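J.: Supplied in structure tokens, the structure appears directly below.
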Amino acid sequence: MNGNYGNDTYDYIVIGGGSSGCIIAGRLAEEGGHSVLLIEAGEAAENNPETFTDNGFQISFANDALLHDRLTIKQAACGDQEIFVGSGRGMGGSGSINGMVYTRGDKHDYAQWPQGWQWDDNLPFFKKLEDRLGIQTKEPTVLTEKILGAAEMTGFMRKNELNDGELCGYFGYNTLNNVNGRRSSYVAFLKESNSQNIRVETEAKLEKVNFKGKRAVSISYKQNGISHAAECNKEVIFCAGTLETPKLLMLSGLGPADQLAKFGIPIVQDIPSIGRNLQDHTCVNILFKGKKNADFFHPQIYGFDRMNRHTDLPEGQADVCFTSVASKITIKAAALRLAPFEILSGKARFGGLARSLLRVAIQFVFRLPLISAPLDKAYGLVVIFGKPFSRGTVSLASNNHEDTAIIDPAYYSDPRDLQTMTNGVLRMMEISKQPQLMDWGNTVMSSGADAEDLEKLHEYIFKNTMTCYHYVGTCSMGDGDDYPVDTELRLKGTENIRIGDASTIPVVPVSATNAPTMMLAYRAAELILQN
């Protein structure tokens, strides 16, 4: 890795060193013998050792070096909330800081993807990916067993295998990619690689791709305030993520002509659908206090079911996920990251002395026995809305690559989505009232979660809706004109731009998206190597 070249010309240039970029760059260099330049806006993973441990997610959420800070615009159908929509930065991306949940998804999910990307098409690549990553389940604990037992009392069936593509109606132990520590794609495909064909440049921000006609010939990027250029012989591959890739494409002249013209960006190709079709999983956490300390720390159990029969999803398609977390960890991490956005205003929310002092105060509060002891007994039952009908957008705020895009997920803008989430919360409250959790302790700590009045319950949902960081769809692949990317992940209207990240996923799977994203990247590399 970090091969030395006499010039700045490469076969392939990969934009973004996240979950997908590490796989594509690693495979092209190692298996194909190609020269590869990978640029990543964030830091080297080695600067943040928590990215290598399986419990590092407990502290990484509050590390500014590891997360893009972003807010949505006000969400009109979600109580006018501005919602935090961060994503991982640094080598490994979100895969270096997430909860390591590894789920392939449901067979029905892939029936909504283009031909050639169905469950049976993808399964061999999931298996190859898993051989490289290493996945496993966590050992059961007393509390996880009680939650599973309570779920069975409400109609769930217990299942030991949640990667067989049949999820609806089942609850069980999900796999995590944490064999011998966190197994991010960076660890599995780059850190452990001996390839000398790849050069990795961190803290390197793409300014734009340069074109000759419709062919990308070079990139311009900035690193430590210094401008650089690199030439490309074959392809430029975008892997910057669902919220960054469309912005970077537009800054390079690829996107809706009206947006490009608005900011004086020369148009290389008018692609109206870039930045559209944004989808995300929202989640609502309901806190409970037990009689003893919570005895698990990872999101190691998952359930899936259909909560809204008044939609056109196929029979057997789950639309909601149910999971559980140890709340002391998640509450503290969320407070450190999100409290500045709730309490401060303007630029102070994103950095500076006030934000630092607020975080010091939060750390102090969580060390107080009066706060710490009750939270040791807290656990969260989490409802994740897995199949939204709402569709949002990512659009430019300016022609400056340093500026965050305008992000509008349009949460609950389709009324069916709020109904589904509401039904999911009601189901989770039913689970909490079963004898197993009554025995453990099930005092509701979340004011409003047990409201019987529907309007008040909706208020609770709006105030407590968070992203699950499962953004997809802003550069969707498909066969029709509405899809900017073809089924070989090539950007239509260009000669040698390919996109290999979650932005190409046309319809979000019901489960966590990191595994499908890595599978897609593995296949992207396969497509390139075959050519």
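Positions of Cβ are set from backbone N, Cα and C atoms, glycine also.
I grabbed these lines from TrEMBL:
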BINDING   Asn98, Gly99, Met100, Val101  FAD binding site
DOMAIN    241-255  domain 'Glucose-methanol-choline oxidoreductase N-terminal'
J.: For Val101 (FAD binding site), what is the secondary structure state per DSSP, taken as helix, strand or coil?
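T.: Val101 (FAD binding site) sits in a strand per DSSP.
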J.: What mean pLDDT score does the domain 'Glucose-methanol-choline oxidoreductase N-terminal' (241-255) have in the model?
T.: 99
J.: With every protein chain in view, what's the tally of Cβ atoms within 10 Å of the Cβ of Met100 (FAD binding site), excluding that atom itself?
T.: 26
J.: Return the residues near Gly99 (FAD binding site) by Cβ distance under 8 Å, restricted to its own chain and a separation of at least 6 in sequence.
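T.: The answer is Phe57, Leu176, His298, Pro299.
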